[in-house]
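Below is one structure; the comments refer to it alone.
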C-alpha cells in the first residue's frame, strides 16, 4: 500500500475520533467551549482541506448562540467537500433564522447522524433538482 493512501486513512481515523469526542462532549453537556474550540482550530490547521473541523466549529458556534458564525462554517465545510453530508444536514436543519422550536436541535457530527443515503434508501436513482423543476407534465425532459 502506498504512503499517501495510509496517511489518508490515518487522517480519516483522526478526524472521525475528533468528531466522536466532540459529539460525546456536546451531547453530554459537559464540555469546555474554549477547549473544544482549541481542539477544532488545531484540526483546521493540521487538515486545512478537511470539512470535518468546520462542521464541528459550526456546531460549537450554534451551541453558543452564534447562528451566523455557525452557518458560515457549515458552508465552508460544504465548499471544501460538496459531498459531505453532515454539513448539508446541518445547513438544512438549522438554516432558518427563526427555527420553529429552539429547544430541539439535532446536529450531524458525522455521516452516521444523517440517516440513510438517498441512493441506499431508494432503489430509484434521484433525478436531482433539475429533474424536479424541468420536467414536462407527462414526465418527459
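Numbers run from 1 along the shown chain.
From the backbone N, Cα and C atoms, a Cβ is placed for every residue, glycine too.
Curation does not apply to TrEMBL; its annotations are automatic.
Per TrEMBL, region 'Disordered' is recorded for 112-141. Residues or ranges marked as repeat 'TPR' in TrEMBL: 51-84.
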Local confidence of the prediction over the repeat 'TPR' (51-84), expressed as mean pLDDT:
95
Of the residues in the repeat 'TPR' (51-84), how many are helix, strand and coil by DSSP?
26 helix, 0 strand, 8 coil
